[in-house]
């Protein structure tokens, strides 16, 4: 079967986008997702994004995300920015702001005149059971309004903030993110037994109260050039710990994101993420190949 696709990226976090809205697509198997995402034998991407008709009231579209390992996941902020650019460029909507159904609710995406996209990422969740994160037997320590948790990583203790942005994140502050062994520790944290659904591992360097550098080892994808939910989780943890003030500029290997959160006043406030979205190319691929 010939499959039309669009290759996009948001700050270097790259995606294969499929239009299941204009016409229904057959369900993709995990093996087919892995084949499409393969950088040597397929198109190549961190994630595959599927645009569909919504199944709940109040939504304009449904947005599904599949990691390059074939598994479906809850949320992807960089992908959300590409999503709204895709539906706008394809003429699927004439709205500048759309409501989109994701696995755990609705999000609002707004395409600005300068081409950047603002995403209402929702409120962060810090309750360990809702991340989910097993803290049984652990002694946390308070820092600001946050609780840091000790995590055994390869025999060393790492103090993390556990945050859900609709998907699970473990955030730690490091002195030098470029020198830090992200590729060694990332997979150990991602698959740590205390995270039953695995976890995205974030490594944040504080530059100033309004600026950080961030690397994220993503669940099911490895280290990516940028991670939108990871940026939001890191900023929320930093503000809650008293280390950062909103808005925060987040520098990733793929580009820069701006995160705003009024969490110092109201932890139920939504995080707002602004950043780029770009189309790289379009094409067709034979799924049977």
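Every residue gets a Cβ built from N, Cα and C, even glycine.
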Substrate site partner of 13, 47, 67, 77, 78, 167, 218, 219, 228, 229 (as recorded in Swiss-Prot), chosen from 114, 200: 200
Active-site residues: 76, 227 - member with fewest neighbouring CB atoms within 10 Å: 76
Extent of the substrate binding site in Å [max Cα distance among 13, 47, 67, 77, 78, 167, 200, 218, 219, 228, 229]: 17
Spatial separation of residue 227 (active site, proton acceptor) from residue 13 (substrate binding site) - C-alpha basis, Å: 7
